[in-house]
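Trainee: Right, I'll just put the structure down here and ask away after.
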Amino acid sequence: MNTLFQFIAAALFLAAAFEGSNAQLSATFYATTCPNVSSVARSILEQAQQNDVRIGAKLIRLQFHDCFVNGCDGSLLLDNADGIETEKDEPQNASVDGYGVVDDIKTALENVCPGVVSCSDILAIAAQISISLDGGPTWEVQMGRRDSRTAHRAAVAAGIPSPFESFDNVRAKFTNVGLDSTDFVALSGAHTIGRAQCFTFTRRLYNFNNVSGNADPSLDPTYLETLRQACPENTGGDTLNNLDPTTPNGFDNNYFTNLQNNRGLLQSDQDLFSTSGSDTVAIVNRFANSQSDFFDSFGQSMINMGNISPLTGTNGEIRADCKRVN
């Protein structure tokens, strides 16, 4: 009997340990310590959106690039310092933006509840509010993350999906952090807003599979010509193009109908629909047929992404300045 009791106790301990990191995150984490956290952030984000229609896309990308490298710990926000090599200098993060708005939110929160709200939680809050301001869904942001005391520059290339990678490689990067096929497709749907530079997709226009003059056969011919005009061969590599040419600044499900019409801008987007036999095809069709289904799944997938290896409890710190450790 004593042995049975020990076995049950050990099993309960292991179950609690397995759930530990996620169980400490809560939608009401700041209910008593900083109850105005969301309203403070929203007021700044409303102003930011008036100044920059792309701020929502920038902020959701910030959280994505942070969480996919050693978890959601705010490490991407750190600048170079003694013993810290910033993640910002890696090629995958070269065009990531929105840091100034995060700093503005942090400054405002330090004024009303100093030393309370982490920078990693600000990333999660900013992503949710800015998406809702763009017409997208709302979801209950889980909070209680703490900030890393170091950056993880060496892990960036292995963690961040690239538009130049194969479908299987991109998918594996989602699987590696515990996200499934629905998360993969739903989070890719963030490309219903934002823009991409010509160099990220021009090989689809002119040298597909390294054949000169060859275009990606999965590209709609009319869309192909539009993109060739926007991105002439060997020029304009940094010219920005809308990821969703139909409603570029509104968060909706048109991204998925674009894929059905072979109008996905990045190859990593179009592959979700054009990869024969992939379970992602049915998910694209489901989201294209129901915006509410997409919105529900997107909110849950953002929560799932926000649960990737957070620092909680006494791990990490609450940075006073998101750009540097205390």
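Placement of Cβ uses the backbone N, Cα and C atoms for every residue, glycine included.
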Trainee: State the disulphide partner of CYS113 as given in TrEMBL, choosing from CYS34, CYS198, CYS231, CYS322.
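Mentor: Candidates were CYS34, CYS198, CYS231, CYS322; TrEMBL matches CYS113 with CYS34.
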Trainee: Consult TrEMBL and report which candidate among CYS119, CYS198, CYS231 shares a disulfide bond with CYS322.
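Mentor: Looking through CYS119, CYS198, CYS231, the record in TrEMBL gives CYS119 as the partner of CYS322.
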Trainee: Can you tell me the CA-to-CA distance separating HIS191 (heme b binding site) and CYS198 (disulfide bond), as a whole number of Å?
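Mentor: With the alpha carbons as reference points, the distance is 15 Å.
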Trainee: Filter the binding-site residues ASP73, SER75, GLU87, THR192, THR247, ASP252 down to those whose C-alpha lies within 10 angstroms of the C-alpha of CYS67 (disulfide bond); answer none if the list is empty.
Mentor: ASP73, SER75
Trainee: Taking only the Cα atoms, work out how far CYS72 (disulfide bond) lies from ASP66 (Ca(2+) 1 binding site), in Å, as a whole number.
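Mentor: CYS72 (disulfide bond) to ASP66 (Ca(2+) 1 binding site), Cα-Cα distance: 6 Å.
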Trainee: Given CYS198 (disulfide bond) and ASP252 (Ca(2+) 2 binding site), what distance in Å do their CA atoms have, once rounded to a whole number?
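Mentor: Here the two Cα atoms lie 23 Å apart.
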Trainee: So which of the binding-site residues is most packed in, judged by how many other Cβ atoms lie within 10 Å of its Cβ, out of ASP66, GLU87, ASP244?
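Mentor: When each Cβ's neighbours within 10 Å are tallied, ASP66 leads.
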Trainee: Taking 8 Å from the centroid of the Cβ atoms of THR192, ASP244, THR247, ASP252 as the cut-off, which other residues in that chain fall inside it around the Ca(2+) 2 site?
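Mentor: Going along the sequence, the neighbours appear as ILE193, THR246, PRO248, GLY250, PHE251, ASN253, ASN254, TYR255.
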